[in-house]
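Taken from Swiss-Prot, the feature active site, proton acceptor covers Asp96, and the record attributes it to sequence analysis. Residues annotated as substrate binding site in Swiss-Prot: Asp96, Ser97, Gly98, Gly99, Phe100, Asp150, Gln193, Gly220. Annotation comment: Swiss-Prot describes 251-257, 275-279 as region 'RNA binding', evidence class sequence analysis. According to Swiss-Prot, the feature active site, nucleophile maps to Asp270. For Cys308, Cys310, Cys313, His339, the entry in Swiss-Prot reads Zn(2+) binding site, with the evidence type sequence analysis.
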Amino acid sequence: MTHSPIQYRLIKKEKHTGARLGEIITPHGVFPTPMFMPVGTQATVKTQSPEELKEMKAGIILANTYHLWLRPGDDLVARAGGLHKFMNWDQPILTDSGGFQVYSLAEKRNITEEGVTFKNHLNGARMFLTPEKAISIQNNLGSDIMMSFDECPQFYQPYDYVKASIERTSRWAERGLKAHRRPQDQGLFGIVQGAGFEDLRRQSTADLVSMDFPGYSIGGLAVGESHEEMNAVLDFTTPLLPENKPRYLMGVGAPDSLIDGVIRGVDMFDCVLPTRIARNGTCMTSRGRLVVKNAQYAEDFTPLDHDCDCYTCQNYTRAYIRHLIKADETFGLRLTSYHNLYFLLNLMEKIRQAIMDDNILEFREDFIEKYGYGRSERNF
């Protein structure tokens with residue numbers, strides 16, 4: 001393989017766990033790890049400007065291959081000079097392969113060795129996505145980090161189905177590597193699958209590591225399994241991945257899952273969670289989730305989170321934000337989205353410091369106790 005445009009630099013290992021502090025070097029800059037990546041599905045992180053994302057120290061964002069292929073089209077993005085120019089973002093971008101959306105959004109899917117035929121969710125047109133096409137789209141988009149086309153089987157699928165699926169995903173990964181036109185300035189990651197089966201995760205990992213990708217993703221989690229089941233898969237999967245390459249846990253954004261993923265050696269995470277729940281008036285705070293649109297906050301003139309120094313918490317009250325959301329004002333969604341993204345990015349900063357201080361287990365215990373996992377919303 002040619003020299004990879006994506007390099008991982010290990011800075012420090014935490015003494016008591018698998019957590020590691022590092023940085024990832026890309027053609028559009030360097031970002032620290034562990035890192036949470038805000039999701040910009042349609043080439044925008046919903047309601048946020050690039051300047052606001054930089055303000056909250058989002059070192060890298062994610063864009064969605066499936067959605068951008070359907071609209072506005074990857075050829076148009078290429079003519080615009082690639083995603084970075086198209087959306088005015090000069091820092092790293094990661095694109096997914098489109099596979100997860102094909103399996104979760106599209107109708108009437110038919111999976112064969114060649115690829116996946118489906119009806120697109122916008123207009124019902126018949127579409128055909130292959131490993132080569134997924135790579136071609138991402139080459140046009142021009143992201144720094146690309147994903148191989150994979151199948152994401154449901155966590156509780158039968159063993160024989162998952163075995164056939166991971167073997168096909170490995171063949172697809174090899175086809176994607178061969179189709180990659182820009183290995184000099186775009187790094188392609190392989191995606192480990194295998195549901196909850198340890199031997200299949202091992203087989204999938206061995207297949208992909210033998211292909212020498214610049215980085216590896218752990219897929220097929222956060223799809224309905226329990227928190228304990230996710231941790232168990234990470235316990236036996238992450239140690240199999242090369243120490244000198246980035247490790248990316250796909251689709252995970254709950255605070256406890258971020259901390260537990262880091263403890264098990266994961267470097268990168270993404271999820272739509274912070275912006276999706278923000279649009280329903282749900283805010284993550286140091287004391288747990290707060291549903292600001294609830295009536296109890298109508299005359300609450302305090303910030304969303306007393307321990308947060310984000311723009312929203314420094315300038316606006318729960319009562320005002322509740323009013324905006326009840327009145328269907330976009331500014332309310334902007335304020336809650338900003339806060340939730342800031343909360344997770346700030347959490348990752350604290351996690352990085354805990355790795356430096358070799359006390360991530362104590363940090364986890366303190367965070368979980370304050371956040372109040374297992375209790376319903378209370379007054380605070």
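Quick reminder: no glycine exception, Cβ is built from N, Cα and C everywhere.
Quantities reported herein were computed from a predicted structural model and do not represent experimental measurements.
In this structure the C-alpha atoms belonging to Asp270 (active site, nucleophile) and the residue listed as 'active site, proton acceptor' are separated by 10 Å. Classification of the residue listed as 'active site, nucleophile' by DSSP places it within a strand. When the Cα atoms are compared, Gly98 (substrate binding site) and His339 (Zn(2+) binding site) turn out to be 28 Å apart. Those same-chain residues not listed among Asp96, Ser97, Gly98, Gly99, Phe100, Asp150, Gln193, Gly220 yet with C-beta within 8 angstroms of the centroid of the substrate site C-beta atoms are Tyr103, Met147, Ser148, Phe149, Glu151, Cys152, Ile191, Gly219, Met250.
Distances between the Cα of Gly220 (substrate binding site) and those of the recorded positions Asp96, Cys308, Cys310, His339 are shortest for Asp96.
The distance from the Cα of His339 (Zn(2+) binding site) to the Cα of Ser97 (substrate binding site) comes to 29 Å.
For the pair Phe100 (substrate binding site) and Cys313 (Zn(2+) binding site), the Cα-Cα distance reads 35 Å. Sparsest Cβ environment among the recorded positions Asp96, Asp150, Asp270 (other Cβ atoms counted within 10 Å): Asp270. Within the set of binding-site residues Cys308, Cys310, Cys313, the entry lying nearest in space to Ser97 (substrate binding site) is Cys310 (CA atoms). The average pLDDT for the region 'RNA binding' (251-257) in the predicted structure is 98. Cβ-based crowding with a 10 Å cutoff singles out Gly220 as the top-ranked of the binding-site residues Gly98, Gly99, Gly220. Take the Cα of Asp96 (active site, proton acceptor) and measure to each of the binding-site residues Asp150, Gln193, Cys308, Cys313: the nearest one is Asp150. Non-local contacts of Cys308 (Zn(2+) binding site) by the CB criterion (under 8 A, 6+ apart in sequence, same chain) comprise Thr285, Ser286, His339, Tyr342, Phe343, Asn346. Within 8 A of the CB centroid of the Zn(2+) site residues Cys308, Cys310, Cys313, His339, the other residues of that chain are Pro303, Leu304, Asp305, Asp309, Tyr311, Thr312, Gln314, Tyr338, Tyr342, Phe343.
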